[in-house]
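One structure is given here, and the rest of the page talks about it.
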């Protein structure tokens, strides 16, 4: 692949020579590679005929790339001068045929882009790689449209509407698909389909503060999601199912409708937008589904619907045999493209264009290695200074991407282009993605950096909104570290692409954006002329800014083994590795990290604190940033007030009496917010600031939103705290949107922890947060304030690691505002030092001679700390405004003085003894007998001296805790090359062993530091390693620091000090550098930190047992301490105070009080092997306490521990920072051994508390280490006290504990806020003494189980007992009552006690709202039952049946991998014990039921199934029920329901089991298959134990009425009175106390009478029982939350499809204790059976039938009338005989139509059975209304019969027949009683049933009915029929037989032949009748005339025939 350019010639070139002519040559630049022609001497019309060739490798060029051509005049002396230039776009070259040369005749431009007279001729040819497409077959328009961001489909099919919009019908909002492509294979018979819809999310919904809810409907069936509060971007993620059975063609034409409504609108559901589409559209897609597509919502009520938002959905249409695709919800940028949109026809989507003007970019980093450039520099050829980046900018939006041209080798490119991105407006995409890329010749282009511009920040919807607009403004891009690396890590790539936060500034681009609505762009890019480019120069003007940073400490560092320093930068300013910027004192001096005595390291900046300043030049956009800070200040205030309010409300959960504090907090929060909204926004200075249009829009928008917020807040109901919280949270969301500032031209500030040139950790600070302002509300929250910054490691994949902690004060402002910083820090004194390091190396190792040259001397003799710059002392000169004070002096770094044991209390000395031998010889001491771990020479072990203040703990011993032999030796062949082995081999020639000896600190000395030699040298093995003070034998290099102080030459604010390094000549400056700056505070105070670490709760598990061995590590400033380890707990109680003494902090005490350093607390899990595991971290601020002002202990509070962004438990602690300056500190806390405890003023106030545990049992325990858990016990721990349950004998025999009641006393806090959690540990007791912890759990909210103390309970109990005693006599005098034993047999003998017409299904249908199917059930006074929409345990009123026995999930596993492995069943009671109690208080849980196994009998009533998932290929199923309890199983397989997805089961299953062994009742629905194995449709599990133990009495639902017979007979084993008595006793209620006259009872002081529930005028069923029982039952429902009689709806799930419902099952369960006595009779729920009937229709006459035809002979109107009839849904169609030639509309028939039907009279439905397919084994049952259709037809002999009219009659709701023909009228047709516009011919009484007749009740009806037809949309009567209808049972029809038509037996009644006129006949079968009645009747005289004429004609013919003969005879005289 290559590009060849033949330079032919030029003409009319300019002559730039004074003497002679120009010497032209041509330079061509393509892809950064320049080639040039030969020089043509002395000519203005040169001819070159030279070919220049570029080898392009394997990567083809882009069509928008350009070739830059320059013609210059060659000068032998001086610079070559420009003759002309030109640019050629590569588009035509690339799309031309391969190898085809293109000729160009170019006009040349001068330097100002003005045309010249010169021309240049070229020939260009391009050879693409083999097999590559040149794109020649594609139109330029389509290519341009695609580049511009318009899909090819849109480019080919868009047509604009007159108003400039685009009609969705034209664009093709629906997917482009071949119509009907998937429908051809569908059946023509009825088919079952399932439509699955998943509503994923909404976006950009129109409205403010809305509560969106989505409704999906199909064929009148609607499903609705949950409402989401206060959001325009709801995440629904809910799935719905629709089942249909229709003809496939009908299903394809059905509509799916999606509606998104506002549930908080004025109406119950205010429509936001909707979308409607055909099911066929979805079916025609691949896999018959649309997956994660965006629906465009519109308001159909608008004349021109506009976009109201977007809704992402997944829809799948499943027919027979279809497999459902993956419809999982997802969030991906790939979905947020316009190609993924669907919209309805008619929705007005306007085309729009983003015009993104790209002016230039700057500060781009190096992206290439530049190997060839380095080689050129070495060889001295070519030009070595190459900017190693080839940038271009790419903009993306809604799936469109447009890019600029490539500018090769340019780190500050000027693109000067407009990028055009077409899209449909409005769009669902949220961001514009700006990406700077680096072109790569070989591989994929590299990403330089990414920036995101939120659309919400640059536009606003609504009346006062504005279209997206931006700039001109700089946009900074961020990514990975700027330093180029050959291989980027995956994290670096994510940072560059914007997936993760960028850790470095990567450049910035100057952009502007504006939006055009109404058209698409004609081209993807256009050039920007000079005038437009120069117009934005005012936006590029910069001002001087200064960034100041005072660093007071760096700690929590890991040992880097090298010196560390901190660099502060903003953009490229301050980046010490950027050599193109003016140097700034932007970094601290390198220091060795020093151990802090426990775990981490710190940088020892004692005395002088580093002071960093960075001078930078940026645009003055402070007006924007001040506005952001103003909004941020309001946000901080609202957050603070909201936090206080929530804290108070949490406390008020238990203390409702203190409401005044809550009211004050609410008033404070609202008044603060109103005051903040009233404040004016920062003003714009027209002199300093340059505003854009977006600035003005944002100011107006912010002002408007703040005013609206104020109005809303003033209307808030302050009496409802929760409503106030909601409003404050809503205001907070709005403020956070307003705080966005997309036009922040100033980059973020970076603080880097560095080691040499390697960047280790960073923190990124937004520039506005540290920006100074004179107005406090406009100043950044961190500006000039000390803040503790957490450094993050760029390569940290866990995102929870910490690379260090910095306490720094960062300040950004204009240079003239720098004086304000110094005025605010008058206690600081600036000290500046110029420094240089003198470097030396040892000449020969071991010689001791140091030199400044040689091979090892890799640094200059004098250099900076990194050795990169040469800094000879005599060449360093100061800048203006500064001068040297004194001479150069040696000043060693203080960090080198610290020894290895600094900060430690225990230290291990080590030294290695080395020996050697020849192979197989004897071991002898090696020449270097004693060495360190690296093998370098070291002191002998006996020569190691003990430092001052230390003492030896033991003697020297060799280390055996390593891979060594028994004497501690390890062996190798060659030390340093091969590894060490613990086994000796013959070939080993070296061995060593490690000698160790521990020493401990016995006396604290002033400083643990080495005594430095006078010369100040620092030593190290290599320059890049850490230096130390004393020389060692392995040291090869050394250095010492020279310093010289600089002082300002004049008072006032000094300029930035810079040092110039002059060359050896002394007259030129070779480089610039900056000195080190420090500040020394005049105020230095000593503090003592007391960290009170009390306890933690809900920590993650660190061990596989599910527990942890936690300890806390506390880091503060330069110290770290840790607590004791607590073993095997998730809720440790340390009760420990860690004291950090002599903490020195600079600055005033007031500053420290508000800006104290943060404390880092980390919790680790100790492991016996391996490193401790990190569990969580929290940063806390201490409270500064001055003892002179009075010491008040700081209360403990909970701090959330986090690991990354995930909360991992809480820490209860308090931190006090005590000022020590000569003040007497509070008394030290009490001690426990060597540890300080939490003092009594701080620790919670404890009280003796009793904890009762009902350890009922464990359930569903998973195996542990492949063994079942068989003998568990549970250990309960709370507050340091533990109690252990008995060991369970065998979980398989009884999963309950034999002695479940456990009690222990513990000291617990009085305040529930400090209540510790309760920890459960399940231990399995196995063989051989193994006791593994198999599961754990933590009960955090123990206060839920708190009850009243003993005194309150006793007073309440005494009151109840006294009342019971006082009413005992009344109870005795009450009427006696014995349990009734009335049964059905007895009831049948007693009249009025059994209603045989009422069954259970009538009760069910009435309860479901289908009273028409219940007959007279409700009118007779019978009660309803509750049909629940979900499972019984999901009802909120029953609390999941956890009122007596709670369920605590048990977990096992490590951290986030913990899994649920079982359940604990039990409960707790917590109550305080009074110290005055001498007696043991009674136990609360003492009277709980026995935990022994309980045998029960469960009756499962399965009513019906709904919307079951189809399992057969035909889209149906043959379902049956399987019920399992333990090992017992019952099934209805033999009685399955064929071919249905909505089966009516009506089955009762009785299973027995033992609780709790068999607690889970499993109900399954299976699909029966004839050949293959049956398929599971779905299953549901019911916990019987929970229902058995609850106080809500869920065993048997209580009916509303007490019946002693009939279908509603009482089925409980206990009477209502007995149930009432037990329930009252269980709840400690007084009573019940009965009164007889009138009948009433008193319960807990409330009196109930029977008349309260049964008014005198009420209707009672005849089956009700005794009045006392009825009253008890009424009271049970009224006074207690007991489970009523119900039918629950349970969702069926499939184990293979978790989360996807497979249908629903309606059922209920009755639970009986097992007894020998017979149980009550089960409720009969057998489905109603249809009865066989015979319907006889006798058609006597038809009147006024429409005359359809005209007689061809007589011309009169007539019809050949007959009647056809059938029952709807059946195939039995019968016809009468034909009444021919009906001329007056009256027809006579006397014809009988006979139909067999199956009827359910109670439900008034007819049962129709049919086979789905001819090969079906079973019929499918369908229930439908009994509708008879009679039609009137006109018979045709040859053609198709003609339809005349019809009527459809509902046999259960017949209109009354007319008694005569004249009585037939519109009154019998309900739809004709209105305006006559009805379009139905069905004659039914739909609303008013009072005038209707039920044929099955009337048995026989005779009369006249009208036929109707529809003419032009109106119903009219078209015929009348006289008929008789009779319905008979099957037995009656046999007794009274009748034949069809007039066939035998023609009786009941006997039908005579119809008396039809003689004209009624078929003409072709009766010719004579046809002549007589048709011809003669109508044409008699014509017939006579015709006969006479025929006779006359015959006579004439005979006359003519005989005339010739007679004439001859006459002539010849023949006689």
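Cβ coordinates come from backbone N, Cα and C, glycine included.
What TrEMBL lists as domain 'C2' is 1-104 (among others). Within the domain 'C2' (1-104), the DSSP-based counts of helix, strand and coil residues read 5 helix, 50 strand, 49 coil.
Annotation source TrEMBL lists domain 'C2' at 171-295 (among others).
Annotated domain 'C2' per TrEMBL: 333-469 (among others), in sequence order.
Positions annotated as domain 'C2' by TrEMBL: 1068-1199 (among others).
Feature annotation from TrEMBL assigns domain 'C2' to 1231-1355 (among others).
Residues or ranges marked as domain 'C2' in TrEMBL: 1477-1597 (among others). If you average pLDDT over the domain 'C2' (1477-1597) in this model, you get 88.
For 1715-1865 (among others), the entry in TrEMBL reads domain 'C2'.
Summarising the annotation, TrEMBL assigns compositional bias 'Basic and acidic residues' to 1931-1945. Within the chain carrying the compositional bias 'Basic and acidic residues' (1931-1945), a Cβ under 8 angstroms from the stretch's Cβ atoms is held by residues 1734, 1736, 1774, 1776-1777, 1790-1794, 1951, 1953, all 6 or more beyond its ends.
With helix defined as DSSP H, G or I and strand as E or B, the region 'Disordered' (1931-1953) counts 5 helix, 0 strand, 18 coil. The region 'Disordered' annotation in TrEMBL covers 1931-1953.
The transmembrane segment annotation in TrEMBL covers 1979-2001.
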For the domain 'C2' (1068-1199): best-contacting stretch of 1-104, 171-295, 1231-1355, by Cβ pairs under 8 Å
1231-1355
According to DSSP, how is the domain 'C2' (1231-1355) divided among helix, strand and coil residues?
16 helix, 56 strand, 53 coil
DSSP composition of the domain 'C2' (171-295), residue counts helix/strand/coil, works out to 15 helix, 60 strand, 50 coil
Residue counts in helix (H, G, I), strand (E, B) and coil for the domain 'C2' (1068-1199), per DSSP?
9 helix, 71 strand, 52 coil
